[in-house]
Every structure is written in structure tokens, then in C-alpha cells.
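Each remark here refers to the structure printed beneath this line.
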Ligand code: A2P
């Protein structure tokens, strides 16, 4: 038996999610014997903050994973495809934030509040779902367990941080240039994002949906373990830095009143209800940024159908939508005895 707590590699540690991973490991006092940040050659040698120190970022190479127990990846699909199998070969459990493995039937796709039991059959890699899917399934799970969901119609209002640090910089630069009467350049997005809404996230597919929309459809079914849930999505990028918002319409088999739905969600782990229309209180991205929970409000019955509900679901896409969920997966692996701590 190991005499040391797990050594943790953070791959993509200079990115928006990677930096947050380091923060979350620190904030949750994750039992790591050592945390080592990796990036591409571009950022190797730079420093990232961790605990009271700074860690020097190391260039990721094929033999980087020797001696590590857990590898947290957030460096894009290509990096995951190439390096995650090497990490597994070196003895690591990989928790991967990219799209590379999510729909592979051999790889569990996990939100710890929803399907922790799927961790038990992981073959070395565990996939972290898409940010907009994570907050959605946390809100859907208690409703599905109680009243069986038939159909979901979701529209998202997604923050630019979901596209990484470059996109955060692009919104910032565009806003400041527009205020100074200058022309703007769009590199990350196909159109200007400042003061605009783009009904396109990721590329268009043959069915005219975007890849992000189909991720929500397919990942929801996989995480909830129920292919019968019908879901249709419109995903929209909005000029918000942190926090995805979602308008969610749910049709259930059994009747669920708005009051019962509110109580059900309030008692589910990881959900905070903010639903006081009389005071004008509801979840907003600016309040949810930096928070761990999924926030739900505007819960009301949809009286155009027999068993319908509407709600507004907000979460910090970098935390619950990415870094926090990843580290919660690692914590759940420890709880289930799948990773040892001393
Ligand atoms: P680097 O800083 O060297 O480019 P974001 O999603 O915010 O853009 O961050 C992406 C993260 O993934 C960064 O830390 C980036 O490192 C890292 N990354 C990108 N490509 C590679 C690669 N081939 N090997 C290792 N890390 C990579």
C-alpha cells in the first residue's frame, strides 16, 4: 500500500480552467502529497500561484506522468487524446475536461451529485462533462427521479470564459476598443462578442445544430443513464465573463407543482435556490461567479402543457462547470476507495 498521498499532475495549468483547478485543490485542502503544473512549451518556466507559493510550470512530455497518481487535464481535446493514454499507462487516473472521451461508451462521464456510481467502472480515464451540461443535469436529476422527465427545451446564455483565457481577453479588448472609438478584431469568435449575442457555440453540424447543442443532448442522456429523455438546445455566447445561465423548460410524466419542485431542488446536494419574485431576487451570473453551487430560480409551472415547469439555472462555468466538478470527481474516487490516501 502507498505510504504517500496521491501526486497530482495538472495539465493545462496556465489556462483559465487549469488555474482554477489549482485554486480549488488548495481551497478544498485536497489530500495531495504534491501538485505539479504542466503546459505546452509556450508557457513552460512561468509561475502559477499555489498555496502560499508559486509553482514553476513544466513542459508536458510523453514521459511526464511517471510517479503521478492522478492527472487532471484541461488542455484541449488533442492534448487529451495524445497524453491521457500515456498517463494511464504510467499508472494515473485521468480526469479529463476535454471533449475527447466523453461519448466513449467505455469511459464514464460523471457529475458526482448525479451518477457517482459510474466511477466504479472507469478504465483509467474519467470524462468531465461540458460546462453547460453539468449545471443542467444537477437541476434535472431530482426532477427526473421524482417525476420522470419526458422532454427538455433549454436555451443557454454562456460566458466567454468557457472558451478559455484568449476569449476573456478578446471580450475585454473589444469593450475597451469600442469605448475608444476603435475598430474591433475577432479572433476567438466568428463575430464581435462585445455588446452582442452569438447563437453559435462550437461548429455547425450536418443537422444545423451546433456541436455544443448536441453535446448537451447526448451528454445529458449518458449522465442520467436514460436515453428516453428528449432534449433540444439552443446555445448562445453572451458578453459575460464568468457564469453560464440557462432557461430550462421541462415536461414530466408525473405532475410536479412549482412548490414541490422548489422543495425537491432545495434538498438536493449542490443546489441553492434563489427564487423570490416578489423581491426581484433570482440567480444572476455576476452573483454566482466564484461560487460552488448550481443556483436555481424563476421556478414556475408551464401552463401550456399538463406537466410542465420553467426554471432559470446559473452556475460558475469555470468552477462547477469545469475545475470544481473535476476535483469533486477526484474526491469521490477517494471516498469510494478507488484512489488511496494515507
Ligand atoms: P500554454 O499556456 O503553454 O498554451 P485555455 O483553455 O485557457 O486557452 O488554456 C489551455 C491550456 O492548455 C494552457 O495551459 C495551455 O498551455 C495548455 N496546452 C495547450 N496545448 C498544450 C499541449 N500540447 N501540451 C500541454 N499543454 C497544452
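Cβ from N, Cα, C; glycine included.
According to TrEMBL, the features are:
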DOMAIN    7-122  domain 'Semialdehyde dehydrogenase NAD-binding'
BINDING   14, 15, 16, 17, 42, 43, 161, 162, 317  NADP(+) binding site
BINDING   102  phosphate binding site
ACT_SITE  131  active site, acyl-thioester intermediate
BINDING   158, 237  substrate binding site
ACT_SITE  244  active site, proton acceptor
State the count of C-beta atoms found within 10 angstroms of the C-beta of residue 161 (NADP(+) binding site), not counting that atom itself.
25
If you draw a 10 Å sphere around the Cβ of residue 14 (NADP(+) binding site), how many other Cβ atoms fall inside it, taking every protein chain shown into account?
20
Taking only the recorded positions 102, 131, 158, 237, which one has a CA atom nearest to the CA atom of residue 317 (NADP(+) binding site)?
131
Which residues in the same chain, at least 6 apart in sequence, have a Cβ under 8 Å from the Cβ of residue 102 (phosphate binding site)?
109, 127, 129, 130, 215, 219, 222
With respect to ligand 1, which members of the recorded positions 14, 16, 42, 244 satisfy a Cβ distance under 6 angstroms to one of its atoms?
14, 16, 42
Could you round the CA separation between residue 42 (NADP(+) binding site) and residue 244 (active site, proton acceptor) to a whole angstrom and send it over?
29
Using other CB atoms within 10 angstroms as the count, which residue among the binding-site residues 158, 317 scores least?
158
Considering only the recorded positions 16, 131, 244, which residue has the minimal Cα-Cα separation from residue 158 (substrate binding site)?
244
Diameter of the NADP(+) binding set by C-alpha atoms, the set being 14, 15, 16, 17, 42, 43, 161, 162, 317, in angstrom:
25
I'd like to know which of the recorded positions 16, 131 has the most other Cβ atoms within 10 Å of its Cβ.
131
Residue from 131, 237, 244 whose C-alpha is spatially nearest that of residue 14 (NADP(+) binding site), among the recorded positions:
131
Measure from the CA atom of the residue listed as 'active site, acyl-thioester intermediate' to the CA atom of residue 16 (NADP(+) binding site) and give the result in Å, rounded to a whole number.
13
Which residues, sitting 6 or more apart from residue 244 (active site, proton acceptor) on the same chain, put a CB under 8 Å from its CB?
131, 132, 135, 156, 157, 158, 159, 162, 285, 314, 315, 317, 321
I'd like to know which of these binding-site residues, 42, 237, is least surrounded, judged by other CB atoms within 10 A.
42
